[in-house]
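Taken straight from TrEMBL:
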BINDING   A:21, A:67, A:98  Ni(2+) binding site
């Protein structure tokens, strides 16, 4: 007998209206645009949903999180944190829109009696967490590809392969983020003409 | 001078010790409260400060108005759908777009679903810990807890074994040292009154509610395509319906509709067998703690929501009542018009913004968002470390919205009082029944507890309206009307050539929400939001009128000013959400509420 594939959640968290706070969401957006995963994998833009994410986290056997973190390293530094260490890092984030930070989501999942068996955080040291309406800072944006590679390697270690998406999703309508919130649409100067 | 009388009838005395709570925990966004207490530790002055700057207006300028909902949905994590709905309504109002009947019903279903989820999560996960001592639950006898639960409700999860298991899980969790969502609370505080068994029952239901919300949001997935962040559409709703379809891609079919019906039934059961009995049981222990009324007995505002008829936003069409009560005159409910320049106005005299002439109020169509940070001469400390604010000067990143010059309370209690005094049975009867059950007079409604009770009753109301709305949708579909969107005016070429202005409103779970949009040349020229917590948490205005938070804290005794549980209890009863009213000024990463007493 073959075990059914373990449900895997790839979750980007943070507020994309807030400069580098949007890193996690931008990472899963790019991952979704470039790769196709097996049916057991869900790539999710978790935004700042806080406790509302608990059911999604509980349903996953493997959880891969992308998030901007503040751990006192030079901006753009990437970090991979696993298992019990994760809450410490998400808790260290200097600014969370939710007082219910992601560490509380993990604790609540634990208290309900079902937390993911495998948990990994791919974090980036943010440079700019203050510019409301701002884009990703250049230094963080330049690390997106490297962050995706770290994520793919982690998934591969869990036995989950990804294949390049044959063609990028068509236009702004087919990506994970739409309605002007896709990276290109969001960062276009809305006051420019044409 | 240390005493002051406000135009709305409150007396403020700043002579006593100053207690500072910053940030207030278990809310969305950043809020600071300062109060002065007298020698008996009774609050005699209160100062409510949003510590973040807001600027959604600046992000939306120049964007496509058909995308505005997606941006407003990202302002914060809890009101996502209600901002999106308000936004599409504002744009439709500006462009003269009508929506089909089914779209109106489905929007009502989306909004009612949010009410059920939001009120449940607020009560159990953000507010209950102000009434329930989690650590005391460890001392509960599972058998006695079971007897208590069974005396209150027929909910099946009530055996001694079930509560023993919950107690054991809680004990392991606490012993592991990771209190998680239960940290930063004042366990063992003398203001907690429940016996250990009631505390354990509430903890069990805290966990059940956390688990149950996954069912509720499936309704958002059915009609909004995904969750989190369901989709919305100017002109209707972004879901096609095909009753005969069998899993056709994208279309909502009978199987999905049956799922919705079943979740609605489960929601009614959970609310009526768990939430309401818990609310009544907890209220029974606190029914003489009737502080926190503030503006509730005098000035209340609701825009109303959930139109029975598509495109009819008159008070008569709205399931949730619309109106304004001012000066404590409960016999008169004034009509409310969001476009009347004399009604809703925002002041910045005590806010860190400037209009040039800061004595005037501006209607949102003429709104200006120009930050100007400065601390008053009486400030203790400096901008890096403020020990005490000077409320005679500018002291908040929230503007001060007023309705015809009055500070107003918004939210479930405002909606229920307005519906009650209008004699609407769906609001009056549950309130009367609750008052009778607790054996308290009508005046008890105007309190922190009344606010918390109104939210529970409204959750029950919403679940039943969800059922009605679902039935109405099915009737329409079976009659052959499957239209869900009107795309006649989708193309910007069809829009008015001149500047178009529109106002959209909803009642967010936490209160009246308005968006005002100005569209020119196919783009957004101006966008202003006035959100519920700006009403409730507002600073003072040029006349010195105080807002709902400040008024509600007055005259409340604190058992221990170093552990101001009573302040959190009253402020949480408003379900504050500051993420959209404000934006960060000085992030400090401090999760625990700091309390300073001077």
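Backbone N, Cα and C define each Cβ position, glycine as well.
Curation plays no part in TrEMBL annotations; they are all automatic predictions.
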Using a 10 Å radius around each Cβ and all protein chains in view, which of these binding-site residues has the most neighbours: A:21, A:67?
A:21
What three-state secondary structure does DSSP assign to residue A:67 (Ni(2+) binding site)?
strand
DSSP secondary structure for residue A:21 (Ni(2+) binding site), reduced to helix/strand/coil, please.
helix
